[in-house]
Amino acid sequence: MVSNPLLTPATQRLFAHRPPTNGITALDGSLDYFSPTTREPTNRTPIYGSISLSLSSSLSLRHASYGAFERTRDEQRESVKKKPVSKAKQQTENGNEKATQNDTVKENHNKKNSKKKKKNSKKKKMMMRNNNKVVNNVRRSPLATRGGSSVPHAPPPPQPPMGDVYNIIPIHDLLTDHPSLRYPEVRAASAALRTVGDLRKPPFVEWRHGYDLLDWLGLLFGFQNDNVRNQREHLVLHLANSQMRLQPSPATPDELQPSVLRRFRRKILQNYTLWCSYLGRKSNVRLSSRRDSGDVRRELLYVALYLLIWGEAGNLRFVPECICYIYHHMAMELNYVLDEQYIDRDTGRPFLPSISGECAFLKSVVMPIYQTISMEVESSRNGKAPHSAWRNYDDINEYFWSRRCFSRLKWPLDFTSNFFATTPKNRRVGKTGFVEQRSFWNVFRNFDKLWTMLLLFLQAMIIVAWPEKEFPWKALESRDVQVELLTVFITWSGLRLLQSVLDAGTQYSLVSRETMWLGVRMVLKSLVALTWTIVFSVFYGRIWTQKNSDSGWSDEANKRIITFLEVAFVFVTPELLALVLFVVPWIRNLIEELNWRIVSWLTWWFYTRIFVGRGLREGLVDNIKYTVFWIMVLASKFTFSYFLQIKPLVAPTKDLVKLKGRYNWHEFFGTTNEIAIVLLWLPVVLIYLMDLQIWYAIFSSMAGGIIGLFSHLGEIRNIGQLRLRFQFFASAMQFNLMPEEQVQRSDMSMVKKLRDAIHRLKLRYGLGQAHKKIESSQVEATRFALIWNEIVITFREEDLISDREQELLELPPNDWGIRVIRWPIFLLCNELLLALSQAKELADEPDWSLWFKICKNEYRRCTVIEAYDSIKALLFKVVRYGSEEYLIITNFFKEIDDCIQRGKITAEYKMSSLEKIHAKLISLIELLLQPKRDINRAVNLWQALYELSVRELPKVKRSIEQLRREGLASVATENDAGLLFENAVEFPAADDADFYKQLRRVHTILTSRDSMYNVPSNIEARRRIAFFSNSLFMNMPRAPVVEKMMAFSILTPYYDEDVIFKLEALRTDNEDGVSTLFYLQKIYEDEWKNFMERMRREGLEDDNDIWDAKPRELRLWASYRGQTLSRTVRGMMYYYRALKMLAFLDDASEMDVRDGSHQIASHGSSKQNRGLDGLQPPSRKLSRAVTGVSLLFKGHEYGRALMKFTYVVTCQQYGQHKAKRDSRAEEISYLMKTNEALRVAYVDQVNLGRDEVEYYSVLVKYDQQLGREVEIYRIRLPGPLKVGEGKPENQNHALIFTRGDALQTIDMNQDNYFEEALKMRNLLEEFKANYGLRKPTILGVRENVFTGSVSSLAWFMSAQEMSFVTLGQRVLANPLKVRMHYGHPDVFDRFWFLPRGGISKASRVINISEDIYAGFNCTLRRGNVTHHEYIQVGKGRDVGMNQISMFEAKVASGNGEQVLSRDVYRLGHRLDFFRMLSFFYATVGFYFNTMMVILTVYTFLWGRLYLALSGVENVASQNSSNNKALGSVLNQQFIIQIGLFTALPMIVENSLEHGFLPAVWDFLTMQAQLASLFYTFSMGTRTHFFGRTILHGGAKYRATGRGFVVQHRSFAENYRLYARSHFVKAIELGVILTVYASHSPKARNTFVYILLNISSWFLVVSWVLAPFVFNPSGFDWLKTVDDFENFMNWLWYTGGGFTTADQSWEKWWYEEQDHLRTTGLWGKLLEIILDLRFFFFQYGVVYQLGIADSNTSIVVYLLSWIFMVVAVGIYMIVSFARDKYGVREHIKYRLVQLLVIMVLVLVVVLFLKFTKFKFLDIATSMLAFIPTGWGIILIAQVLRPFLQSTMVWETVVSVARLYDMLFGIIVMAPMALLSWLPGFQAMQTRILFNEAFSRGLQISRIITGKKSN
């Protein structure tokens, strides 16, 4: 046998059997190991056998030897049926003999049969012996452990029978009673899969009755059984759902419609078809043009084969074209099997696939490629090796973009190919398609068109501005200027040369023998660009030569200009062609999408032909929109730049050129001022290159605001505005959320679209009487009430509202014969009193006049009618039926009704009496509401009411006889004595909950005097109601019925964050005495009160018992206010709840709806009245939530919702958590138990002994019937999951368990709301609409950041984030068409992404910002990303300063890596010019330009320092007429930098959604809370990490933590985090400003100095103080003292080898240099060059010292280095003395110190005596020599590999420690001063927690820990 080098020794061994553990079950299926089997680990005696698949060495590759050695894995046998062992073994051996014979015939058919039989009999004997050994070993071996060998397993829970375990649909048993199986479409899809018919059965395995097409494929190609089961359900579910959506519905729904299958096959195999076309290969999907039943089966096989390959590919799902390659060959083999006439040439028998057997596909195909990827990643040294040194996922994938993969890899895979990692590195295939080289030049390479434009315009503007004309067009009248402008062509060709050289320099390693033409093109491009540069230079020179010889612009000179222009025309011809194609984008798309060879030849010069990035042009309308946008931006930018940047600098430049003066130092360049001119222009040029970002921010804010206005955002901003439009809101909810009757055609006709638009217009602007329609239809009103009340119920469950508020918000059912809609009470409050006052005022008016005025307000009309009808019903209920009094009341109301009909109310009755009746009615109702009711008082009230109504109310007095005749008085005379009602009053039963709920409502209507504008009082509840109501007036697609909606899944990756907060964590106090629960109680004070009210209703007697009586509820309440998994799961499960309710409403009859609303109302009121004691509703099998609409469900709702929605949480570590008995495992299990649609996927690690480990993707759920967790699928992976970045790998392994057409990606810090979940049907309909040329592939969804209330810092972060996720995304999607996927809750077209690499990329380090690559990939593969703002999802953000900084660092580092990536390079080159601009400024450009702002500050200040120290500034200020321009022109960027960058989008979005004045107020409040300090600090974070990543790498995932930040962070911790990124840089700028202030003539004028440097000082202050200003207790004096001691201890602690950076300065110092160890040569060189700037201080300052005596000789500078040497020498002497004498001979150590001090004093005295030395020189020289020392240390760090082994290194380390101590003291000094001053601590607390203050947070008690409780 030939051993495969790819396999580890462990893998090559036979697989020992492992007994079933938790979730790993024994297979019980006779011989057939592929069948669905029973899993019962107990009471079994396994019988083990083995199938021998040994092959000859010549066949090892032919039959995919990779897996051949593992095919002898032991097979478990059925023992329950008690088959004889020998028979089972005999069957196995016969099967093996057939297999071996077949293999041998294929390769060696000339050998004799006798040889074969001998060989086989030997093998059989050996195999039998091996089997017995294995059985014995297994019986003795311990259980395999999971999640690591060290962790013993808990005993496994008993597994249910395999046949009973299913995920969503029990396809294995179509006769079972399951709601989903009621649909004929499910049965149709299942039946289609069972059409195996006459297909040739796979040999060597027992074919069982009931097997289907997927089983057939599984047996034929060796797919895993659980993969087959998983994809069977996947396929059936999708086909059934698709058939349900057919419009019109098919005539035979129980047959699979060919059109459904055809559409699915085209979609899922579209990428494969395009790949075949691209490579010029014929697709192996072969279907006849005529459609017959056999064709449907064949089509099903093709689709199923792809799904099975994809489902088992593991990490290979990230390499989609590799999967295409595998599918291509397996489909070819499938064709050979299906086409019976195809005979295997080697064997002469019908063809069999080259891979088959148990797990054969995984072992023979997937594992070899996986091992190659894995070994490449290993060679990356955990991502620290340069990207160019190893192949990532993209490189592996792009190998399959060339035809060589067919000739090299072959099929079956040729493992000797140099593609595989077994080949030595020097002969192996290298990088493919692109080489990621780390360099700042990548920003130019990727976006060369942008930089070319900016540089050419800069050159042109300088040329035009130089003559100093007032306007540019006047300068252009000069022929000289016109000719000078031609130099832009020389620059242009030079930039092309630079681009071609950079391309060649970075991509040279792509050139090999196979890609020789690539190298040829690189060389030719450089030569051609060089030629153009020379040609332009020569022709340009000839123009001036001719002009000078002719002494003017002669005809000959003009001819030469014409010649130059003709040459230039040839040069720009390709650009003109590109412009033409830009105007007609469809032609360009067509050309790029053609796979003709001639097209690739014609375009060869311009770009490499690649599979992606073709046909990216948008439609003409979109083209026009974003072109207009960018023309406006560019016009503004260049106008501004010309008049305010370039033109003002011309005069000072000319003056500097002419300036003659003496320098203060030794000048190397004579007396010219070139350096001064460069330093004058450099900041301006940097601003010029950067400020397009600012213009983009301005215009995108304006565009976003306008689009938001037209989208109708912010029309309902608060509850007050909702009150005015509530009746229209009810109609809008009906219109949007309730499906209309389905028309026969699926596409919307123009008439229907127009009708819908008109209806929306009416709703939006209150035209027509929408409420009349609802009022006339009781069913519509009740449907609305059911939905609205369910929303209110969820608010109550979330404790956002109290029980009282719930009653005020609910719409009760129409009981008591009320004739109008019973609007929520909060709308009706005060309306009755106003109506009464109107009646009193208009008592003399006719009825119609009074009624007209009342009806002007719809709520008042409804209130009057409801009050009248309610009182009528109430009076009848309280008086005994059949009594005389009952008859009197009947007659009285009959008379009133008759009067109303005649319109004579005001004529016949006194309106003034109504107030008295009103007062008595209130008294009566209040009496009824009391627990103890006095019957006598009730009788008195009745009699008073009778007197008022019958005697006082009518205008005409009637005698007693009249009253008796009319039935309004008692017939019996004794009752006249006042005993009326004495025996007629009867109180309703105390348990009549429904009556008392109605009574409370009537009481509220009668008594309320305030307008209840504060209902609900909770800010979050108000915001949600306002957004939801506003969204229903926005444009959204109509919702289909649930049955016809798209199915979708949600995927949430989870690692090991909090699931539910633990009680201990909630109780434990921090160092300030604040517990998490106490903090939450104060932040969410109203919600805590509502929670306690709910607990009391549920049986809690004493509030203090909450910890013991309701611990889980308490933990959940706290967890739902943190960023926990339980919060995310609760939010996402609202989709399931919403779908069940909507499914009920879709099918509910009028009777169901009407009766249901009464049932819910009575149930709800009984709960509120008496708690749940004894009133628990009957439990349901499938439902746990029995509130609201769920009481009415009939059963089918569950099945329908499960078919449409699945939620998969991929808890990667769940298996290990279970093994370790981690509480998180139990909490996740609890979440599954309470949420039936929740599935948990995890990776299980099974140790088989001898270092052999298998990895499985496992899916589990909680089975409600069995009452325990069950394992659904277990699919083996090719190896460890995490090869690339963790999160995308985690998503990828669980992706196979998702279902549906769409997939929403949700992170673990997100939340959802029930009312938003109702709109998901509408959102999914967007996939059917065209947005431009294409339908959407990603639907962008808006986010609401819910962490903004925690602190001011959290508010700043959420405000910044909100403007980005709303306004920013809105503009990127439309009009700019470059929205990507930013880790938001976007919804993916699942079957579009599934064959294209999934929903993220996972290559190590380069894809650290994994989410955005889904957007890049989508755009490059011609997808379309849209953005929709009528639906939102909650999102948590970091809330503490350190958390935020780590998050910013992670994102900035990720953007730094993006600059290197092939995706960004391709988008930069393949998008058209204007989309490329949008893409740059929306992604990496933002970070690059932030860095440019900081660089501008640096260059500006270094320039000022140069001008001051050199003396140029002094001479210029005396001589220059343009002193003002020279002084202030450079300060322009800082005004822009501070505010506009972050503020404008925020202000615009806030204005749009909350109003202009609130937005301005918020902005001013933020400034008062020092938001500018925070945003400026953030700029420093982004700059540091973005720049360092591009230069050196070192990007890594930073876990920010998601807890609440109320804890004080120590100074040492802050120093570790910010020393290098902020503090050192701030100190450097501070030193520059100090030196400048002491040596600049401008500093003498304080105002000018402040004007020039205020923003620079602000930057310094921000970078030093921000971490302490936003640190709780940051200015507490005692904490400051403790922090200082802690810092000093950390600084001097040496520790041992196991110390961490938190404990020891030295460990931290080495970690801070990690990036220098991994950076390349260029990175080190650039770092050294940058560090040289610190030496300039010394050079500039020593000439200013008194001791220098104005001498400008170079000797002065050289002598100054003696000081440095002496300083180091003294330090080394003192250190040596301390080490030698410091402990034992302390006197000697003191003596050495004394000698050193005496020598220093002596030297100073000598200097004072014999030189012009001044004491001030000591302080000044410190500013010179300290920076020099720091520069030396930085350079020494770069040269560490050479210095570390020498004695010098110890000195470097000890001096570096002193520097860090110095920096720490400098940073701490202002903090200590502010801590010492009184009042600053209180002010800081107020700033930090202001928002929480305004909501009742007692922060002073929190910070000091003085809890009242």
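Cβ atoms are placed via backbone N, Cα and C, with glycine included.
The compositional bias 'Basic and acidic residues' feature in TrEMBL is assigned to 70-81.
Per TrEMBL, compositional bias 'Polar residues' is recorded for 88-103 (among others).
As annotated by TrEMBL, compositional bias 'Basic residues' applies to 111-127.
The compositional bias 'Low complexity' annotation in TrEMBL covers 128-141.
Here TrEMBL flags 1159-1169 (among others) as compositional bias 'Polar residues'.
Per TrEMBL, domain '1,3-beta-glucan synthase component FKS1-like' is recorded for 297-414.
Residues or ranges marked as region 'Disordered' by TrEMBL: 70-161 (among others).
As annotated by TrEMBL, region 'Disordered' applies to 1155-1181 (among others).
Positions annotated as transmembrane segment by TrEMBL: 522-541 (among others).
Taking Cβ pairs closer than 8 Å, the transmembrane segment (561-587) reaches residues 483, 486, 489, 492-493, 532, 535-536, 539-540, 543, 606, 617-620, 623, 1472-1473 in its own chain, all 6 or more past its ends. The transmembrane segment annotation in TrEMBL covers 561-587 (among others).
A Cβ distance under 8 Å defines the sequence-distant neighbours of the transmembrane segment (594-612), meaning residues of its chain 6+ beyond its ends; these are 274-275, 277-278, 280, 321, 398, 401, 433, 517-518, 521, 525, 574, 1417, 1420-1421, 1466, 1469-1470. Here TrEMBL flags 594-612 (among others) as transmembrane segment.
According to TrEMBL, the transmembrane segment annotation covers 624-644 (among others).
Positions annotated as transmembrane segment by TrEMBL: 665-688 (among others).
Beyond its flanks by at least six residues, the transmembrane segment (694-713) meets 629, 632-633, 636-637, 640, 764, 1030, 1033-1035, 1366-1368, 1370-1371, 1374-1376, 1429, 1481, 1536, 1540-1541, 1544-1545, 1547-1549, 1551-1553 of its own chain at Cβ-Cβ distances under 8 Å. The annotation transmembrane segment is assigned in TrEMBL to 694-713 (among others).
Within the chain carrying the transmembrane segment (1479-1501), a Cβ under 8 angstroms from the stretch's Cβ atoms is held by residues 443, 447, 450, 679, 682-683, 686-687, 689-690, 692-693, 696, 1368, 1372, 1376, 1378, 1380, 1412, 1452, 1455-1456, 1458-1459, 1464, 1467-1468, 1471, 1530, 1533-1534, 1537, 1541, 1579-1580, 1582-1583, 1586-1587, 1629, 1632-1633, 1636, 1656, 1659, all 6 or more beyond its ends. Annotation comment: TrEMBL describes 1479-1501 (among others) as transmembrane segment.
According to TrEMBL, the feature transmembrane segment maps to 1647-1670 (among others).
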Inset, instruction - By DSSP assignment, list the helix, strand and coil residue numbers for the domain '1,3-beta-glucan synthase component FKS1-like' (297-414), in that order. - result: 77 helix, 2 strand, 39 coil
Legend entry - Distant-in-sequence neighbours of the transmembrane segment (624-644), which means Cβ under 8 A and at least six residues beyond its ends: 457-458, 461, 464-465, 472, 618, 688, 691-692, 695-696, 698-699, 703, 1374-1377, 1474-1475, 1477-1478, 1532
Legend entry - Stretch-averaged pLDDT - the domain '1,3-beta-glucan synthase component FKS1-like' (297-414): 91
Legend entry - Same-chain residues at least 6 beyond the ends of the transmembrane segment (1754-1777) whose Cβ lies under 8 Å from its Cβ atoms: 665-666, 1738-1739, 1742-1743, 1748, 1788-1789, 1792-1793, 1796, 1800, 1821, 1824-1825, 1828-1829, 1851, 1854-1855
Inset, instruction - State the non-local partners of the transmembrane segment (522-541) in its own chain: residues 6+ outside its ends, Cβ under 8 Å from one of its Cβ atoms. - result: 486-487, 489-490, 493-494, 496-497, 499-501, 503-504, 507-508, 511, 560, 563-564, 567-568, 571, 605
